[in-house]
Amino acid sequence: MPPSTDSSRRNSEEGFSDGFKLDSSALNKPPEEVFDIVGKLGEGSYGSVHKAIHKESGHVLAIKKVPVDTDLQEIIKEISIMQQCKSKYVVKYYGSYFKNSDLWIVMEYCGAGSISDIMRARRKPLSEKEISAVLRDTLKGLQYLHDLKKIHRDIKAGNILLNTDGIAKLADFGVAGQLTDTMAKRNTVIGTPFWMAPEVIEEIGYDTKADIWSLGITAIEMAEGRPPYSDIHPMRAIFMIPTKPPPTFKKPEEWSSEFNDFIRCCLIKKPEERKTALRLCEHTFIENAPGCDVLQAMILDAQEKVLLGQAPVAVAGADATLLSEGMSTMIDGGDATLVQYKDNYVTAQSLRSQMESLKIGGEIPKSAYGSSRNNGSPRVQPPGHTASACDPSNNPPFAEEGTGPNFQIGTSESSYKDASYNMMNTEAEYENRFQRAVCDGDFEFLRNITLDELIRRKESLDSEMEEEIRELQRRYKTKRQPILDVIEIKKRLN
């Protein structure tokens, strides 16, 4: 394990252990003999998440059920990263089971849900004090991860969970990455579009500083109810983030100078000039953050609104997770994560070795050995399989950009519109349906739209295309001009 500072280790591990663990005998039993599933918490990018009770101890847990034929090697990577993390600011991993065609991942249960759930339940963004308290815990979690040379790569309000003690924890390591000594920076496009750092989008290589940019966007999301650019199509946002100045508050004067400065420190275009998580923990805005009691009061307010029927969420008990209609709790599914995966082939022997080290019980399902449903996703090869020159694993690691089943771009998270904070973003829903239609060729839904609306959308589409062309031309000239200048200089010298 890479070394980390003593202070960060103390900050991350103080009060961490909850005393619960799964022993080898429990891992060797069928999961239904060990747990009672008591309710569904939500749907995520890899599968569904459920609330469960450990039969022997009564301990409340969260279980993520993942179809094995989706992306097994990526799930193994997620488990590996979770298992290595021992911080009270990172969701704890206890063990996993194979059950039929699913992998059950047993994790710490966070009874108050995500920050996104809280905002939806209260139908309003967070206050400045609430935001600073959430950011303090999140920064401690990021400091811990970054000390271990790990990048989360998907920081957003939907991936910050709260327990009922008012402690914020980082969750969803499905796209997290490890920085090794031989790979100082990654260059894969991965994350959620609106929260992506410019260097991630441009694929020029990135490191832990990418998480800091995403944290700054998340701070704006918590303050305004939605991230910057969420009112436009994600593809346009991906184009604009690297070319436009760093985003700021819509009304900076409504927030303290300390908060404005914190956002500025996070959202610096050049990653080398961005502060680290450790340095941001020393920022005045974070140092003056209130205690957990502020977040406990926020959670209580959200739960009261649920119980009074003032929020579009379901509640299953005093410590129930806040559930939004059509939205996930453990993993926010409303704003899909953009991922490019390698087509890794894994032998059953290597997978079994990983399973043993990661506390995974049960037998590898047959579906893990590849099927027509894999559609190019990483899969496991049966025992005895050896790589050959014709193996796809020997081909270039990524498909052409924007192609393949793992290229996912979703619409923005349910937005808060006007004073009423409408929970349905009709523009986003239209764009979502339109993008699906582009893929499957079924544009039948357009028949239900009025002529005036169709004309309006066509005119809007034309203007958007013209603006994107102008942006592309400006970007092209910016790249082309230095080359022309150097050519001219060389001609003069000759």
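Glycine residues also receive a Cβ, built from the backbone N, Cα and C atoms like all the rest.
Under the heading active site, proton acceptor, Swiss-Prot lists D154, citing sequence analysis as support.
In the three-state DSSP classification, G47 (ATP binding site) falls within coil. Per Swiss-Prot, the feature ATP binding site maps to L41, G42, E43, G44, S45, Y46, G47, S48, V49, K64; the stated evidence is sequence analysis.
Annotation comment: Swiss-Prot describes 369-378 as compositional bias 'Polar residues'.
The domain 'Protein kinase' annotation in Swiss-Prot covers 35-286 and is backed by sequence analysis.
If you take every residue in the domain 'SARAH' (443-490) and average the pLDDT, you get 79. The domain 'SARAH' annotation in Swiss-Prot covers 443-490.
Sequence annotations record features per position, and here Swiss-Prot assigns region 'Disordered' to 1-27 (among others).
The region 'Disordered' annotation in Swiss-Prot covers 364-413 (among others).
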Taking the Cβ of V49 (ATP binding site) as centre, how many other Cβ atoms lie within 10 Å? 26
Mapped DSSP class for L41 (ATP binding site), helix or strand or coil: strand
If you count other CB atoms within 10 A of each CB, which of E43, G47, D154 wins among these recorded positions? D154
Counting each residue once, how many in the domain 'SARAH' (443-490) are helix, strand and coil under DSSP? 45 helix, 0 strand, 3 coil
